[in-house]
């Protein structure tokens, strides 16, 4: 069974799909459980007689009652009774499987009057576990004894615990074994001797490569064919190109690739493949442990593997691949050595000890703008004896005692000097190929120190010049310099000791800079504490538990130093294939071995099948509107330079309890009414068990005499952070009535605007001030229609829960032409909106109510959303950005260069944006949708959804109409809100918007760079577009702007702007009560870790404090950032936010 729980309460009050009765063979009413069942479902005893050791299903009074007859141990032997008890439970399990019952309430059989006077709780419980493990039902065990409850709970806990066989073994379930030459060696979570041998390497730069390699192995089941494709992938071929070569359309879910295929230097690990691919390598070497087809593959050379790994569970500890040997005494003790290596080749390559050369360095300065910082692969240690060469000024971090700075600002003339070497280590060096150049690592200079401290990342310094290194062969290497003093005499350095390596030099030369041409991993970028389930798709993120609102794959960045236009290419999706037989097979596997991995595989297949069925249903329902896919208009999208930010320096406390206390101290100092807020849990939730109530929009009546029982049981963890944020609303009658009573829509308009004239002016302003004037004719000639591809793409991209909801809604589907598009449903929003402040303690939390559109309208028409977004991005001016399909990193790349200290930024906050959209704005939206090319047939449907709303006054039956307003949760809500947001900015700002270097819009949120408000802006909004607007003038670095739940801050170290989450909002959210049994804390912790890493950037710390003090007028914000970093460090720390479980209404006494 997926889950076992125990409850100490009356079984007749259960909420499960079926109940098991501890019956007797005659089918008559007895005592205990039998009497409770008879009292609640009296008809269930008709024809209930069944022999001992069997069970019988009776459906009565709307309930599935399973009568199971256990043995009476007073009348049978122990062995016979034990057999019959097991048989009774097996019979119950058989009925559950045959009837597809998903949850069952069950007592322990033969533990009461049939127990023969002995304690048979554990005996009965073991048989129950054995039988129920073969079912797919959630099992709730009911008892009335406190000692029994404790025993059963301990037994359930033991089933989920991990037992250590030996005391010597340390439990490291998330340890991953990596290649000895991997850069992950020594980092937490990775080992060269122990751990899992298959992983997607989540949280590293090699994750995407690992996922791609796993997909290739799935597309080509034959190992040699898959390896051939992996070689082509390493040589630069794209995944799309590889997928098109696959002979079959669909493939199974992938499994993680090997992390250690072998121990030789040519092991084709995800890390090596990633580096080869990143360096645009044209020829690679693979070893024999990576089998390939017999024929030759261009650019791939095969060698014999000299260190085959036999996968044994007890791996001997490996000898370090490096052995340091003493060097011969140098005659020039005061000369500096800078190493260059001749022998290189694969991503694993190390310098050979026979190829070290001594270089004499002469400084000579050249001035020009550098490209990107050079790779820093091997550190040449240079000890300075005569003078301190370099001084780094204006450092924003504590200076470490050992600082390493690249010597770039020099033209280095290399003279080869023979190194004294014993014949034991002298190896022949193959002649270098003419086409390639010897790589020279970037030399570094080290300041000598008498003591050691932990290293601190050095800040980036703006570069002003470039230099080159010239070898005796006349080959130049460009190096990008950092801030460096010009030297007037040669630098004398000491030769580094040679290193013995356990392999032969490799006969391949790699271009300088081959190793790391992409940006470096910054300290704090990777969370090595991530919990990996062991397969893709293990986490389905929600907004609170995953990376925030802007979470997508980065698609708007590139490694070039300037903005470039690219042809917009749709990400290819693979339609789900229906395979019910495989779903049943995976379900059976999961039942036999109920591990997380098996459960995940089964759920993935189940969701795929659901999606396939949904697509067929929707295509069938929309067939009168369905058309062939027309040729898409090519559009272009800008990509921006990948920004560089200062490194994160961890600043946290040791004790998480101190961190919680620091959060509460901050709240007490800045929000005293919040910290001291007290509320009684059992306030007034009794209205949800009322009989005979009459509920209307404006009143509710009931009879207090008809109160039947306590409210439903509600349990939650008492929050330790005292931010007094209420938990989500319970779906009780009282709250639903409050919601129904609250929804007093704006039934009268403030005044009648000239609807048509206003809409035409809105559209003209939009096209004049926010658009580039292209594409309108092409859009008109190529209308957007519902196509098979639209529907398929939309459904394929749905996450599991959304797919399940749509699957339920499309059952007995109404055709699109019969969907009532003008209908909307008043729905209750369960979550309480969290805003930092005291409002939530000064008044009772109000139930938020939304007007949801007809679900089927959303299901049919969501398919056109992607094409609408693509077209809108194509027509908008290059300075205006919408955040659709964009990651947080993409947004950072867009704003990085534009937002500088002292720049003015305009924020506008529109009150009740959805409700304020009247007829003129609805018409504006329809006209713009028509201009973007939406087909006339679809426009008719959308017009019905956007138009006037018809309502009925329930007490009198009076029908009335009121003006249009946007319905939340509709198929185009976010798109149209964003469109109208830009329209309003165009009407009010006009040329100021056009001339702004950067403006961003999403929904009702916007920021416009370089604009200051004037006294008429708010009045124009009120009179021209009927919107009540609050205008905020922000200034970078003084009062930083706020957008999308975060601040736009300026990184003082790198000179780039970025958006970071609001720490105060995050702190308030940590005080939200969590329902008992929630299992998403690891996701929440990881999401918080990502945010704390950004807050810890060296160049942002002071900026963040300015932002919080200017926006919220609070002090001591450094303490809460430090406290949240402590809580995010580990799951154990994060759990300190959760106090004891509070039970309301009917919990354990």
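Numbers run from 1 along the shown chain.
Placement of Cβ uses the backbone N, Cα and C atoms for every residue, glycine included.
Features of the protein shown, as given by Swiss-Prot:
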{"type": "DOMAIN", "residues": "1-160", "note": "domain 'Macro'"}
{"type": "BINDING", "residues": "10, 24, 32, 112, 113, 114", "note": "ADP-D-ribose binding site"}
{"type": "BINDING", "residues": "262, 264, 287, 305", "note": "Zn(2+) binding site"}
{"type": "MOTIF", "residues": "512-515", "note": "motif 'FGDF'"}
{"type": "MOTIF", "residues": "523-526", "note": "motif 'FGDF'"}
{"type": "DOMAIN", "residues": "903-1018", "note": "domain 'RdRp catalytic'"}
Which one is it, among the binding-site residues 262, 264, 287, 305, that lies nearest to residue 32 (ADP-D-ribose binding site) by Cα separation?
262
Go through 113, 264, 305, the listed binding-site residues, and name the one with the sparsest Cβ surroundings, counting other Cβ atoms within 10 Å.
113
Excluding 262, 264, 287, 305, please set out which residues of the same chain place their CB within 8 Å of the center of the CB atoms of the Zn(2+) site, keeping sequence order.
261, 263, 265, 266, 267, 288, 289, 290, 304, 306, 307, 308
Between residue 305 (Zn(2+) binding site) and residue 114 (ADP-D-ribose binding site), the C-alpha gap once rounded to whole angstrom:
69
Can you break down the domain 'RdRp catalytic' (903-1018) into helix, strand and coil residue counts using DSSP?
52 helix, 27 strand, 37 coil
What does DSSP call residue 262 (Zn(2+) binding site) in the simple three-state scheme?
coil
Need the DSSP three-state call for residue 32 (ADP-D-ribose binding site) to compare against my parser.
coil
Please report how many Å separate the Cα atom of residue 113 (ADP-D-ribose binding site) from that of residue 262 (Zn(2+) binding site), as a whole number.
64
Hey, what's the widest CA-to-CA gap across 10, 24, 32, 112, 113, 114, the ADP-D-ribose contacts in the record, in Å?
20
Taking just the CA atoms, what is the gap between residue 287 (Zn(2+) binding site) and residue 114 (ADP-D-ribose binding site) in Å?
69
Densest Cβ neighbourhood among 24, 32, 112 (binding-site residues), 10 Å radius:
24
Helix, strand or coil at residue 114 (ADP-D-ribose binding site), per DSSP?
helix
How big is the gap, in Å, between the Cα of residue 114 (ADP-D-ribose binding site) and that of residue 262 (Zn(2+) binding site), rounded to a whole number?
62
